[in-house]
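Working notes, structure below.
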Amino acid sequence: MKVSWPGENHWQVGPAVVESPAVGAPQVGGLPDVVPEGTLLNMVLKRMHRPRCCSYQLVFEHRRPSCIQGLRWTPLTNSEGSLDFRVSLEQATTEHVHKAGKLLYRHLLATYPTLIRDRKYHLRLHRQCCSGRELVDGILALGLGVHSRSQAVGICQVLLDEGALCHVKHDWTFQDRDAQFYRFPGPEPQPAGTHDVEEELVEAMALLSQRGPDALLTVALRKSPGQRTDEELDLIFEELVHIKAVAHLSNSVKRELAAVLLFEPHSKAGTVLFSQGDKGTSWYIIWKGSVNVVTRGKGLVTTLHEGDDFGQLALVNDAPRAATIILRENNCHFLRVDKQDFNRIIKDVEAKTMRLEEHGKVVLVLERTSQGAGPSRPPTPGRNRYTVMSGTPEKILELLLEAMRPDSSAHDPTETFLSDFLLTHSVFMPCTQLFAALLHHFHVEPSEPAGGSEQERSTYICNKRQQILRLVSRWVALYSPMLRSDPVATSFLQKLSDLVSRDTRLSNLLREQYPERRRHHRLENGCGNVSPQTKARNAPVWFPNHEEPLPSSAGAIRVGDKVPYDICRPDHSVLTLHLPVTASVREVMAALAHEDHWTKGQVLVKVNSAGDVVGLQPDARGVATSLGLNERIFVVDPQEVHELTPHPEQLGPTLGSSEMLDLVSAKDLAGQLTEHDWNLFNRIHQVELIHYVLGPQHLRDVTTANLERFMRRFNELQYWVATELCLCPVPGPRAQLLRKFIKLAAHLKEQKNLNSFFAVMFGLSNSAISRLAHTWERLPHKVRKLYSALERLLDPSWNHRVYRLALTKLSPPVIPFMPLLLKDMTFIHEGNHTLVENLINFEKMRMMARAVRMLHHCRSHSTAPLSPLRSRVSHIHEDSQASRISTCSEQSLSTRSPASTWAYVQQLKVIDNQRELSRLSRELEP
């Protein structure tokens, strides 16, 4: 007899087959869990390669109902009806992977003809295959952007998952070993060495490299906890860091979870995961897909999506399930924690927790950790240390001062503790409270001589004061650009300097230690540069000399700075006031009244280009720098609010700049944009991210103007792309402009300006641009492929994993995608309480500081390479007659000059009204 499925080869099955009653009547719709040896079905399954991305179904032919005549497989679908866009996209991705596998197979055969051959292992002959190690070696030798064995293993795992590669024994996990053999299915491909095929191979390897980490993570999760390697546990832990459901847990708990998580897939929508009233046995985290939460009497209560969790309450309270969970879509994946593991982790955490009390109240909560212990590595005896989990501000500061050591390295846990505290103290310990506490510690002396010796008592006091000075030096280094205009801070520093000058022993130690420390342990400031701190005098000199300016602070907006407030009237006349950047709306109205431009009863509102009006609260601060793109402030009588119209300048340009852009190459334009963006990015103080997420209502006398200016630039760039394309009326030049913007995005990515790269790509994906089908059709095939390759970095799945992996591979200087960093900060802030049992949740502060330090890493090289155009500015002679000998007009020459291009990229004029962009788009292509 023959067993087959449509479109594949037929295999002959011998007549000596014994039917077993155990599999004589399997149900249509799925394969049995256990198939006994010697049965027909068992033999078929052994011979058949079944990709994991497919489901399988038994099909009985009615001519012989007592025998299994055939077996067919059908792809998983995500809906009961017709395939939707998501299914089509998944199928297209599978097709791309199969095509990539064939291209790789062809190239490997052409480069290494003996790679695929018959192999004999343990007296068994395996036809036309290669070992896992040889396949990885071959992929690495090809280059093509693959630089490590783990990356090559990920590529092979993707091919294995999609059926483009198969194991000779149908194992699902790719292994980089000599004794594991794999083959490419299908006939041997014909050789082809054209240039187009090579480009397709590069594109194919980029696709496989992008999907490789996800495949390796899936394999790690599918393994039982006891089989996971250290590297796989680290990989799972990094995934948990970005999952919303566990954001409130400490890193030690996340590492414990990484060791016990179980992978649980379900293929069919409508499957009931558990029912209301069932006994709670597991906690679930949605890794892929969504579920409906249904209760008796209320029906559908809510829908949970990727990153959400459910089932924890029943475990904590040891109660029955409070709702029924039903799969909302096909192919859902869950991360499961069983009850016994959950309870063990909770007990372990409690056992490692130490609480310090004063006067009957808990003032500090510490957690015991082991230095050098990873998620799977056992603790090292004798190397335990305690990490602050929560506490009062004063106790956290006291513990920090006790833990500081003068000889600690940059990677010492105490240094990280100090950095976390300094970056986040404004959230829980304002400067005035910090100053008072530090002065108190400076004056406090032990009640009894330490060890009974007056000398040791004096040494203890001196060491403690040294630690205070070291903390203050680090604090000044971090915040020095913001402190010069702060009278409270300068008064505190003066008091501390006076106290130091009265202590002879401390002054002598400072004179000996600080010059050497400046050479070997230079302190970081808020912009990622270094600055000298304390000088060898009787008292510390906290700020750098004027001869040593901080280059990155030039042009930054500080708290005491005055900025222009452009106030519009209903008749569109404009009044400009210069007020402090942190001025409140009430103070702005008072300044207007002082200038006799405000009458009683008038209010301040902001109006955008679409005519939407939003009132400004009297206590709102920094409204001038927080305005959105093309927004203006209006002073108006309340009865005239609904009659306001946008200022003409808010509406944007009516003519495009395509002629000027034609004269500048995409690479030079990217260089100009990157240099301008770097200047804006370098002026952002690290702590502005924390202030921005907390909001001005939580913190006074701070500004986030530099960060808001950078964010406004992101919006400006994406609308600039859409504006220029919508204002280009001729199809040919419009297609050329579209091509230039795609190349611009590629150059921005190459220059590691990821923020502007995302802005340009978002502009190209604007609905007003994506609908211009005739314009996109004019693009060459190569440019369309380039755009498709760039789009992969925008993939938002699994919390933008593709972008995050790409970012980790880049060396500084880098301009990161700022909106995602702010999203992470908001995620941390809103997902974790600032107070836990009336104590500061310092674990939350630690997570926020870790996210903020990304800015310092990206700016650890303080200068960005100048763009080619800017580097030539100094060589341009204004009176050069030779430059005028050209067929171009003087206007064209001035347009293409570096100075004019530099001015253009700084003052982009855009249309940000989506309705207007859509109208222009419909006029171009109805």
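Keep in mind that glycine also has a Cβ here, set from the backbone N, Cα and C atoms.
What Swiss-Prot annotates here:
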BINDING   G311, Q312, L313, A314, R321, A322  3',5'-cyclic AMP binding site
DOMAIN    110-186  domain 'DEP'
DOMAIN    665-892  domain 'Ras-GEF'
MOD_RES   S79  phosphoserine
MOD_RES   S531  phosphoserine
MOD_RES   S867  phosphoserine
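Helix, strand and coil counts from DSSP across the domain 'DEP' (110-186) read 26 helix, 18 strand, 33 coil. Counting every protein chain shown, the Cβ of R321 (3',5'-cyclic AMP binding site) has 20 other Cβ atoms within 10 Å. Of the listed binding-site residues, namely L313, A314, A322, the sparsest Cβ surroundings within 10 Å are found at L313. Listed in sequence order, the residues G280, W283, F310, L315, N317, A319, A323 complete the 8 Å Cβ shell around the 3',5'-cyclic AMP site centroid, once G311, Q312, L313, A314, R321, A322 themselves are left out. There are 23 other CB atoms within 10 A of the CB of G311 (3',5'-cyclic AMP binding site), with all protein chains counted. The secondary structure of A322 (3',5'-cyclic AMP binding site), as reduced to three states from DSSP, is coil rather than helix or strand.
Counting only same-chain residues at least 6 apart in sequence, those with a Cβ under 8 Å from the Cβ of Q312 (3',5'-cyclic AMP binding site) are W283, F342.
Averaged over the domain 'DEP' (110-186), the predicted model has a pLDDT of 89. DSSP assigns L313 (3',5'-cyclic AMP binding site) to a helix in the three-state reduction.
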